[in-house]
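Here's the structure, in structure tokens; my notes come after.
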Amino acid sequence: MITYSFLIILTFIILNFYLNKNKNFIFYFLFSLIMFIFIDLSNFQIFLWTLCSFIFINILNNIDLKLDILLLYNFLIFSVYTIFLFENLIILYLCIEIQTFSLFILICSEKKNIKSLEAGLKYFILGSISSSIFLLGTVILFKIFPLLEVNLFNFLIKDFNNFYFLGNIMILSSLIFKIGLSPFHYWIADIYEGSNLNLVSLLASIPKLSLFYIVLKFNAIYEIIFICSILSILIGTIAGFNQTKFKRLIAYSGITNFGFIFLGLSLNNLLGLEVSLFYLFIYLLSNFFFLLILTIYNYKFNYVIELSNYYYYNKILSIVLIVFILSIAGIPPLIGFLNKLFIVETLIFYNLFLTALFCIIITSIGIGFYLRLIKILIFQDYSNFISWSNIIKFEYHDFKYCNIINSVFIFYFLTFYFINPRLFIIIIDFLLNCYRWI
């Protein structure tokens, strides 16, 4: 079945060049349906596949692509899908490299933007260092067992010496570096700052989801993940207060939220994995629609203050944006509050009271820089010169996605909490049961 899956993916890449932008939207849906029918995927892999396809379709449909840029996007999604299909470390390494080179060229695609070129160069150099560490860890594991299948290492861990743990630590450090967890987080804000909003929405979702899947399959050293998670929650929240540029704020918000995701994963049990998957799914959707609304507002704004008075241009869209901001912040009764609530309850259940108290305090502090966005969006003074600059240069956009976003908002706000707050819990629990049989 793997051979047929590759043929379908390659056919998809070739045919995609002959399709215009509108047909791309339809074709990706057909492609996903084909994969569900003809490929022997588990329900858990289909869940990740659907999430990636949904985000990727909306990103493609929101931008005008040239042929060479479309090729890079196709290589990127090809590498992500391949990660979901294979467990061999060499193939995973090649897929990660395809991701790195595709994103590097996409970041540098704005040739007249110095920050874009700087961000692309940083991403290439740091990504190369991280990939070298991953490859070195793979070589060390190859000395132990030449097949390099992830599941085999998980079963044979007790039979090896310190070489296994050294290789494991190097591979885990490389993955944490690419995801952007602390203490390997310093580069991610610069990369986001040099990218446009559409590319930021891609960087913050699909590559991290594929890397999270690799960590999930690998028998990682969970003490290291726990320490990195605590540092990410602390540093991401504190550093977010000091940011005046919007994309850097998004970067540190992502560091904090992925810290919570990996905190649940570090418990190394099914309950922790369940709350991590729940948090991951809700956060990726919330963050994606949050960035999509900002793309509709203004494609090239840089500073947080430039959001001022946008509430008066489109009140409905601004209200939707505010709800997503409050949800990401974790304010009840929105679904984002349930994310952090389940993490804290799980920590208390396993007697990690100090960690649970730490998460509550940091979350309460972190709400501040989300509320600052709402203050600027609604109450910012007209006299600010940046606001006047925006008023003069403001161009009315064709809000072609307003109906989609409003529909998602209604479904998001009503279904997820007021009608059936356990909807996603049931879904994640079902997928978790399927994951046990992967």
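Glycine residues also receive a Cβ, built from the backbone N, Cα and C atoms like all the rest.
TrEMBL annotations: computationally assigned, not manually curated.
Features reported for this protein in TrEMBL:
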DOMAIN    88-363  domain 'NADH:quinone oxidoreductase/Mrp antiporter transmembrane'
TRANSMEM  5-21  transmembrane segment
TRANSMEM  27-60  transmembrane segment
TRANSMEM  67-84  transmembrane segment
TRANSMEM  90-109  transmembrane segment
TRANSMEM  121-145  transmembrane segment
TRANSMEM  196-215  transmembrane segment
TRANSMEM  221-242  transmembrane segment
TRANSMEM  249-271  transmembrane segment
TRANSMEM  277-299  transmembrane segment
TRANSMEM  311-335  transmembrane segment
TRANSMEM  347-371  transmembrane segment
TRANSMEM  409-432  transmembrane segment
Quick check for me: are there 3+ Cβ pairs below 8 Å between the transmembrane segment (277-299) and the transmembrane segment (121-145), leaving out pairs under 6 residues apart?
no
When you scan the chain for residues with a C-beta under 8 Å from the transmembrane segment (121-145), skipping those not six or more beyond its ends, what do you find?
89-90, 93, 96-97, 100, 103-104, 107-108, 152-153, 156, 160, 163-164, 166-171, 173-175, 177-178, 187, 190-191
So what's near the transmembrane segment (249-271) in sequence-distant terms, Cβ-Cβ under 8 Å and 6+ beyond its ends?
179-182, 185, 188-189, 191-193, 200, 204, 208, 212, 215-216, 222-223, 225-226, 228-233, 235-237, 239-240, 243, 279-280, 283, 287, 291, 304, 328, 339-340, 342-343, 346-347, 349-350, 355, 359, 362, 366, 369-370, 373, 432, 436
